[in-house]
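Peer 1: The structure follows.
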Amino acid sequence: MAAIEPSGLHPGERDSSCPQEGIPRPSGSLELAQEYLQQFKVTMTQLQQIQASLLCSMEQALKGQDSPAPSVRMLPTYVRSTPHGTEQGDFLVLELGATGASLRVLWVTLTGTKEHSVETRSQEFVIPQEVILGAGQQLFDFAARCLSEFLDAYPVENQGLKLGFNFSFPCHQTGLDKSTLISWTKGFRCSGVEGQDVVQLLRDAIQRQGTYNIDVVAMVNDTVGTMMGCELGTRPCEVGLIVDTGTNACYMEEARHVAALDEDRGRTCVSIEWGSFYDEEALGPVLTTFDDALDHESLVPGAQRFEKMIGGLYLGELVRLVLVHLSQHGVLFGGCASPALLSQNSILLEHVAKMEDPATGIAHVHTVLQGLGLSPQASDAELVQRVCMAVCTRAAQLCASALAAVLSRLQHSREQQTLHVAVATGGRVFEWHPRFLCILKETVMLLAPECDVSFIPSVDGGGRGVAMVTAVAARLATHRRILEETLAPFQLSLEQLTAVQAQMREAMIRGLQGESSSLRMLPTYVRATPDGSERGDFLALDLGGTNFRVLLVRVAEGSVQITNQVYSIPEYVAQGSGQKLFDHIVDCIVDFQKRQGLSGQSLPLGFTFSFPCKQLGLDQGILLNWTKGFNASGCEGQDVVYLLREAIRRRQAVELNVVAIVNDTVGTMMSCGYDDPCCEMGLIVGTGTNACYMEELRNVASVPGDSGHMCINMEWGAFGDDGSLSMLGTCFDASVDQASINPGKQRFEKMISGMYLGEIVRHILLHLTSLGVLFRGQKTQCLQTRDIFKTKFLSEIESDSLALRQVRAILEDLGLTLTSDDALMVLEVCQAVSRRAAQLCGAGVAAVVEKIRENRGLQELTVSVGVDGTLYKLHPHFSRLVSVTVRKLAPQCTVTFLQSEDGSGKGAALVTRVACRLTQMACV
């Protein structure tokens, strides 16, 4: 496009060489005008291509790819949360660079309520030219003096005033309060500032001033301020969009996707810096000759090409270039371009906005053009208005394509079928232009139909928005401190775990010697573990709840085959007479034998009986009390093996050889011991927790004999009932204990097992909610409900992908409304509770394996532990944490953990077979 030189006339003057008014337009002029306007038409395909290209560039930048170099920067702003309406307090804002040669100081009061949520007062200070061009220290000292002067006018307490700094110059931000100036713009040329942390320079100046105690909390750009400053609605505002002199957007990205952060959890606000976007294949086809001319005339040709098609600084200039071209071709103004029209930047954004107004636009066209020394005809005014519409429509559509890329990014990264989000809008193009937002909305709906978007005008992003960033940062810091203080008692040191290990060793020794101890150390009369030679067919019974299992276990060389049948125990049987219960059990056994073709055979039988018993022999167990909803009369205080044998006798013609009554923990050890002869410990971590191990018989005071081994049922859930664990207990443990059916008992179990961990978490969440840290401080009935937070939720939450989707789903199903910060904190609470549980369990295992090693006088011990229980098996980190703790506390022991397969069935059968083997050996 040919360069156009101004003729040197003043605005308002007309060139005397211009053709006379009223001369008709040359033929074909309307077609020529249409041709020029057509250049600004952007097709849906082109918009989709721009959307895809920008999205690709965004993702490249997020990943830190530099080849090919992405055309957008995707800068982390270190703003990690959006407002949730409870922010309150007084905040200072210093705004420098947003309004040219002046700075603004604001006092913003946030009330934390929906009504009158924000109150502000402000003062503007003109920056002298010698300060703008002087030393950097002089500028920041001036800013500090302005802060003091502003505060002097109001009665404020000089106690840690929180300040947000809006510094509108290109910076490299490395933290919320760390930002290095890249280069000055907007006429500022202060020496000694470029390459320096401007937040620190401001802090130093405030300290030199020495008048007020001001804490600079956050450095914020105007786009982020726009997002943070919008009114709270029914959906989260997680996108900020500025179309002012320039254009930019920011949004809340998953932190794990931002390579520059190297973080896994939470979100961070990313400033896209999309004004620099350029892709020849996508953007090239929509660039016009007028865009090229504008770029050539700009201060930095070739840069910010996308911004130069959208930003308010350029829209008026694009309109001017089109009008000049049309006039030079005789289409407008009788072929006459006035000197003012030929002058760069003579048409501004405010002119374009007024001329395009549907109601008063034509009148404004005449006013603006006459001010440029032109005398437009009616047809000229109409065409000028069409030019304005074409330029601005394209700008809105291009902006929409970029916004659609951001929305698509949000939707796909969060794996949401429909994204519901609010976009905060700010800038004079939105404020002044009547149609820009309408076109933007319509185009976004076409380009991102899967996104449900509401647009909310931001109120004073540079002031209120910066204050809100500061308030949110202060809130997060306070909440983080409270969370850490709350969870600190759950962070067990190596010294604490070593103490637990030592206390358990002492309790084990006292229990074995028959002295007073919280560990009962019960002999199980299982004297050996499998040696791999076990063969044969066995029956096993498993009674531990409302379902009862009968199993046929076939042990062959290298394999164990299990066939089982589940039978229900009706409530009237479970709570009727003992005779009726055991008759029902025998009926089930007989039915199973018929189904398996075993009628008339007398197979050795092992009985897993998961109720509290005092065992007097391998086949003698006195029921202490019923649990789990059973209350059959005439059983407590009786030998349950005897009751079973009596039921068999009553049935007649049934031959069953009851060899052993088996505890489920022992069954777990024996089940794993068949595959690994080194397995000498059993561990259950499920609804409850317990452990057993092979002790030297000489150490068991209650059983005569000096040689051989005896499996000891530790009943370690009661460890600490003597008060030895009181130093580890928290107020949350105390609340759970007091609400339990057995206050003061099973203290170790209540800190470890699945029955209680969810309740501990629930009490912590209640506490944090009461302090306003979680769920906006809003207490809900669901959190007040006992056992509403299932322990399985811990496994699901801690198994969650990095997006914390499972956390949100679980809590929302419970009726809780939460933010991403809430989800992250709930995850941390779950991790703290389950980590402590695993570490305590590990300390217990370490005590046992060290006891085995010292019993045998070994320098090094290699031993395996058979493990069962839903918490151990299903929790994603529990088993690893147990193993790590054991390695730290028992470094001389090499411990392998084996997950048991059907300890109640296979284990009971193996106990039975080992007992038979030992009996046969004794006979020989």
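Placed from the backbone N, Cα and C atoms, the Cβ positions cover glycine too.
According to Swiss-Prot, the feature ATP 1 binding site maps to E95, L96, G97, A98, T99, G100, A101, S102, C438, I439. Sequence annotations record features per position, and here Swiss-Prot assigns D-glucose 6-phosphate 1 binding site to 95-104, D222, T245, 426-428. According to Swiss-Prot, the feature ATP 2 binding site maps to 542-547, T687, 754-755, 791-795, 870-874, an assignment based on similarity to another entry. As annotated by Swiss-Prot, D-glucose 2 binding site applies to S610, F611, T627, K628, N663, D664, T689, N690, E715, E749. Residues or ranges marked as domain 'Hexokinase 2' by Swiss-Prot: 477-913. Taken from Swiss-Prot, the feature region 'Disordered' covers 1-27. The region 'Hexokinase small subdomain 1' feature in Swiss-Prot is assigned to 84-220; the stated evidence is sequence analysis. What Swiss-Prot records for 221-460 is region 'Hexokinase large subdomain 1', and it gives sequence analysis as the kind of evidence. Among the features that Swiss-Prot reports, region 'Hexokinase small subdomain 2' is placed at 531-662, with the record citing sequence analysis. Here Swiss-Prot flags 663-902 as region 'Hexokinase large subdomain 2'.
Quick one: where do these features end up spatially?
Peer 2: Counting every protein chain shown, the Cβ of G97 (ATP 1 binding site) has 20 other Cβ atoms within 10 Å.
Every protein chain considered, the tally of other Cβ atoms within 10 Å of the Cβ of D222 (D-glucose 6-phosphate 1 binding site) stands at 27.
Following the DSSP three-state reduction, the secondary structure of D542 (ATP 2 binding site) is strand.
Just so you know, the Cβ of S610 (D-glucose 2 binding site) picks up 19 other Cβ atoms within 10 Å once every protein chain is counted.
Regional average pLDDT for the region 'Hexokinase large subdomain 1' (221-460) in the model is 91.
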Peer 1: T627, N663, T687, T689, T791: which of these binding-site residues has the sparsest Cβ neighbourhood within 10 Å?
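Peer 2: Result for the binding-site residues T627, N663, T687, T689, T791: minimum number of other Cβ atoms within 10 Å at T627.
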Peer 1: Can you give me the Cα-Cα distance between G97 (ATP 1 binding site) and L103 (D-glucose 6-phosphate 1 binding site) in Å, rounded to a whole number?
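Peer 2: Computed Cα spacing between G97 (ATP 1 binding site) and L103 (D-glucose 6-phosphate 1 binding site) is 7 Å.
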Peer 1: Based on Cα distances to L871 (ATP 2 binding site), point out the closest of the binding-site residues E95, L103, D222, T627, E715.
Peer 2: E715
Peer 1: Using the residues the record lists for D-glucose 2 (S610, F611, T627, K628, N663, D664, T689, N690, E715, E749), what whole-number Å value is the largest Cα to Cα distance?
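Peer 2: Answer in Å: the longest Cα-Cα distance is 18.
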Peer 1: If you draw a 10 Å sphere on the Cβ of D542 (ATP 2 binding site), how many other Cβ atoms land inside?
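Peer 2: So the number of other Cβ atoms within 10 Å of D542 (ATP 2 binding site) is 26.
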Peer 1: Under a criterion of Cβ-Cβ distance under 8 Å and sequence separation of at least 6, what residues of the same chain contact G426 (D-glucose 6-phosphate 1 binding site)?
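Peer 2: Correct list: D222, T223, G225, T226, G229, G240, L241, I242, D244, P457, S458, G461.
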Peer 1: Can you tell me which of the binding-site residues A101, L103, R428, C438, E715 is spatially closest to G545 (ATP 2 binding site)? Compare CA atoms only.
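Peer 2: Considering only the listed binding-site residues, the nearest one is E715.
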Peer 1: Measuring Cα to Cα, how far is L103 (D-glucose 6-phosphate 1 binding site) from E95 (ATP 1 binding site) in Å?
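Peer 2: For L103 (D-glucose 6-phosphate 1 binding site) versus E95 (ATP 1 binding site), the Cα atoms are 6 Å apart.
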Peer 1: How far is it from R428 (D-glucose 6-phosphate 1 binding site) to C438 (ATP 1 binding site), counting Cα to Cα, in Å?
Peer 2: 15
